[in-house]
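S.K.: Dropping a structure here in structure tokens format, bear with me for questions.
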């Protein structure tokens, strides 16, 4: 193995799984005698900071580019080029640990690639620790537990698998942490939208998708009180309408997900906003509808909207 | 897990690792209660048939297309679309077990992807059997052993890693087989070129590459006696020259690899044939040169030729 330093990092706009998985995998590689440093490509969010503080771990160092520091890199929690470091084409990806689809990813040579269809990268990392017979410290267990809680919204998301739940159980024991109590506090730390501006909350976790002939935008925020957002509904809709106009979106949807009730309030504007009525079998009232039991954009929001838009 | 039948298969123009790994992984999945059948996309070669006969295993069923039979498939020993089933876009790839670079591969959803930079897919499969605590029968061990011997040219190829050697040792014990003696017999079974026509031996394992501004072709055959090919040198060169003209190749190279001495005799024709002199530090004599210790096209032939051609 190379003794030159390798960098390990997750995606841009890092979430808790991306930050923690980079730290945790660096720990595993270091235990195996490899020269690896975890870094991050963006700001640490409030939820992630809560997790780092809880287990007294420093955030990874921020880097804008990776090629000036390393020839070889390891990706966690992502693989698609446009989600990675801006100069990813100038380095060699030697390993990937991920739980997403594979797209827009190509290497010149063989590599170690470990993807599994589970809810969280950390669930795969726990397997790797076991396979390598490596030591799992209390802090490392705490970070992996935090990742699983974050990605699964405390095991409520349909992306959460039995393996994720089982991994969280084992990790909670090592971390000496009550997963339910700690998890709710951590999610709440990241779900305070009252202090965010409208622009901030619309940018927090927003993704563009192509559906049929249209480009659409779907943002999501987690809250403990939907009033944090809905009290500013007209201001939010004005900003969404501006984005629709500027980018010619078919629609702009914002899912305000209540992490206590596991329902989402959907706000949707744009020419194709009515697609939501058919997709979720609801009636929009002033561009708004309650989506009961809907917490996952990937599994519960994007697919039904795509189906309607393709048919439309 | 789905109870509908899944197909598992390797690449077109199947070699021993592709055929055996499909059979072996189907065995593992069946032990886990999954409905999986190994199939193949091309003819079984003489070396592979020797391995199947040695362990009394039937070849996988040949299929032209996969979509009429299955919605979900598992790829072994490849991932690039152009090497796979012609209708691969019409099915969902749910798993990949491979030891090659990743390119021209994309999925809509998350999947299980297991790639490691080792010499042979079967080396990864042995790990999976251990991780799942599955039973390795004598025949399954024999097929995995055959794969490693084939891909590593009896541990002589620079693509062969310590993990491949260690895996082969363990497998030889389970298969109750002397790896060296059996392996040489198996390689010899696939290395009889005297019965092949010139066209056949030039097509057996030929790949096109882009090098700088040129497209080139590099074929390789394994022999126990280079005279099987060199006795027909003028006929071989005529065919190579025709291919160069028809396809506008920068050069056409044929590596005749002696599996007993682990040297290759290179025949090379075309406008850019002189690149071989610089690449291998040899002098071509009537388009021919001895490349001592060269057995791997991927690691020892393509890179030096690419370097010269890019500089040229």
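The chain as shown is numbered from 1 upward.
Glycine residues also receive a Cβ, built from the backbone N, Cα and C atoms like all the rest.
Quick paste of what TrEMBL says about this protein:
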- B:11, B:15, B:77: Mn(2+) 1 binding site (BINDING)
- B:17, B:77, B:99, B:151: Mn(2+) 2 binding site (BINDING)
- B:183-309: domain 'DHHA2' (DOMAIN)
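Tell me what's around each of these sites.
M.R.: Under the DSSP three-state reduction, residue B:77 (Mn(2+) 1 binding site) is assigned to coil, being neither helix nor strand.
Counting every protein chain shown, the number of other Cβ atoms lying within 10 Å of the Cβ of residue B:77 (Mn(2+) 1 binding site) is 30.
The average pLDDT computed for the domain 'DHHA2' (B:183-309) is 94.
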S.K.: Beyond B:17, B:77, B:99, B:151, what residues of that chain have CB atoms within 8 A of the centre of the Mn(2+) 2 site's CB atoms?
M.R.: B:15, B:18, B:21, B:98, B:100, B:119, B:120, B:121, B:122, B:147
S.K.: Less than 8 Å, Cβ to Cβ, versus chain A; work out which of the binding-site residues B:11, B:17, B:77, B:99, B:151 satisfy that and list them by sequence.
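M.R.: From B:11, B:17, B:77, B:99, B:151, the ones near chain A are B:99.
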S.K.: Considering only the binding-site residues B:11, B:15, B:77, which fall within 10 Å of residue B:151 (Mn(2+) 2 binding site) when distances are taken between Cα atoms?
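M.R.: Taking B:11, B:15, B:77 one by one, the ones whose Cα falls within 10 Å of residue B:151 (Mn(2+) 2 binding site) are B:15.
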S.K.: I'd like the number of other C-beta atoms within 10 A of the C-beta of residue B:99 (Mn(2+) 2 binding site), please.
M.R.: 26
S.K.: CA-CA, which of the binding-site residues B:11, B:15, B:77 lies nearest residue B:99 (Mn(2+) 2 binding site)?
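M.R.: Out of the listed candidates, the nearest Cα belongs to B:77.
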S.K.: Other than B:11, B:15, B:77, which residues of the chain come within 8 Å of the Mn(2+) 1 site, judged by Cβ distance to the Cβ centroid of those residues?
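M.R.: Output for this site, in sequence order: B:10, B:13, B:14, B:17, B:18, B:19, B:21, B:76, B:78, B:83, B:121.
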S.K.: With Cβ-Cβ distance below 8 Å and at least 6 positions apart along the chain, what are the contacts of residue B:15 (Mn(2+) 1 binding site)? List them in sequence order.
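M.R.: Sequence-distant Cβ neighbours: B:45, B:47, B:48, B:150, B:151, B:205.
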S.K.: I'd like to know which of the binding-site residues B:17, B:151 has the most other Cβ atoms within 10 Å of its Cβ.
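M.R.: Checking each of B:17, B:151, the winner is B:17.
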S.K.: Which state, by DSSP, holds residue B:15 (Mn(2+) 1 binding site): helix, strand or coil?
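M.R.: Its secondary structure by DSSP: coil.
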